[in-house]
Amino acid sequence: MAASVQPACLDLHFSGKHPPLLKHNAIIVRCVSSPNVIPEADSISGPPDIINTNRDQRKVVRIAWEKLVRWSRSLRAKAKTDVLERTRKVVVLGGGSFGTAMAAHVARRKEGLEVNMLVRDSFVCQSINENHHNCKYFPEHKLPENVIATTDAKAALLDADYCLHAVPVQFSSSFLEGIADYVDPGLPFISLSKGLELNTLRMMSQIIPIALKNPRQPFVALSGPSFALELMNNLPTAMVVASKDKKLANAVQQLLASSYLRINTSSDVTGVEIAGALKNVLAIAAGIVDGMNLGNNSMAALVSQGCSEIRWLATKMGAKPTTITGLSGTGDIMLTCFVNLSRNRTVGVRLGSGETLDDILTSMNQVAEGVATAGAVIALAQKYNVKLPVLTAVAKIIDNELTPTKAVLELMNLPQIEEV
């Protein structure tokens with residue numbers, strides 16, 4: 001029997017607390033650590049091929065990173081700031097959580113920028129103006145002093161350079177019709193609302209011009225993985241603005257982008273909007289799976305299937321497949337399906353736990369857009385001749401035509417298919 005081979009002691013010295021492991025020919029050698037000896041990199045001995053390879057890899061990584069940093073600095077140096085400089089007033093329609101977070105963000109972009117929030121609740125209005133807090137949604141967060149609230153639509157919209165629309169989709173038509181007389185026909189609308197109008201299947205890009213009776217009203221959709229609370233806390237966030245007007249998309253990018261908020265641009269308005277709407281329905285499905293304690297395997301399978309369904313429908317509607325895999329698609333889906341801050345996911349969890357939809361909605365102080373949007377899914381599936389089993393199951397559960405348990409059984413018994 002051959003004698004066992006013991007690795008020779010290598011006199012390697014490193015200054016760190018935990019000396020690294022060198023792996024060579026399946027023998028792992030722990031190097032000796034000495035606090036008194038800090039060698040030069042070139043003095044490290046060992047198998048030449050491994051050391052040279054590691055040095056080459058480190059060099060490649062270092063060069064790649066340095067190139068990236070130089071490229072980034074170069075673009076930042078050339079970035080235009082004229083949009084922010086000439087913007088004097090921004091109006092935010094709606095005093096909910098996301099409208100408040102975006103109002104605070106825009107106000108922090110420039111001192112002296114007037115940010116007007118049009119709110120319905122006079123108590124919230126007073127709280128913002130006197131105490132600089134939205135007492136209903138962010139009572140512990142102080143708003144910038146250049147955020148001003150009002151219940152007067154005419155005053156809020158007067159001389160505004162940009163309008164951020166944060167009214168829930170199902171109430172947007174009636175709300176906009178009520179303020180249409182005060183809206184400048186050239187005022188760009190940046191929609192923060194995600195969903196489909198239940199009776200008409202319209203997206204916000206269709207609702208706004210129809211309600212305002214102006215087919216040329218400038219429009220931008222803002223979407224992506226973004227919780228209002230994290231935006232309020234200045235945590236790193238990335239979103240996308242979509243508009244058929246590239247110049248307008250670039251202008252809104254300049255207006256909103258900051259050191260903690262990245263803004264990409266897109267021309268695919270349909271893709272950004274439909275992904276943002278349907279991900280809310282999928283989040284309800286994900287919540288149901290969690291509420292029923294069906295495990296991680298089923299969660300992954302369901303969300304994967306739901307992503308495919310969103311892609312199938314979106315592309316039939318004219319969206320680009322790449323949009324669905326971007327921030328407004330996959331990014332937003334991941335956030336809303338897997339994180340408990342999601343209102344739509346919370347609705348699903350409670351449905352899966354056995355609560356009734358009426359009890360759930362009565363106890364909530366914010367709108368879960370996916371509940372109403374789910375009702376539009378079946379009509380869209382029929383209109384575009386697309387099978388959407390997961391999203392349709394959610395609509396049936398919400399309409400009380402299917403129990404979560406029965407829905408799971410039906411979905412698991414669907415025909416075995418080839419993945420596409």
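In case you wondered, yes, glycine gets a Cβ from its N, Cα and C as well.
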Residue from E66, E130, E369 that Swiss-Prot also lists as binding NAD(+) with G94, G95, G96, S97, F98, G99, F171, K194, A228, R343: E369
Residues within 8 Å of the K194, R343, N344 Cβ centre (excluding the substrate site residues themselves): G195, N280, A283, T336, S342, V367, A368, E369, G370
In sequence order, the recorded positions (F98, A228, K279, E369) whose C-alpha falls within 10 A of N344 (substrate binding site): K279, E369
Under 8 Å by Cβ from A228 (NAD(+) binding site), same chain, sequence gap 6 or more: S97, F98, T100, A101, Y137
K194 (substrate binding site) versus F171 (NAD(+) binding site) - Cα distance in angstrom: 12
Minimum Cα separation from K194 (substrate binding site), reported as the residue among recorded positions G94, G96, K279, E369 that achieves it: E369
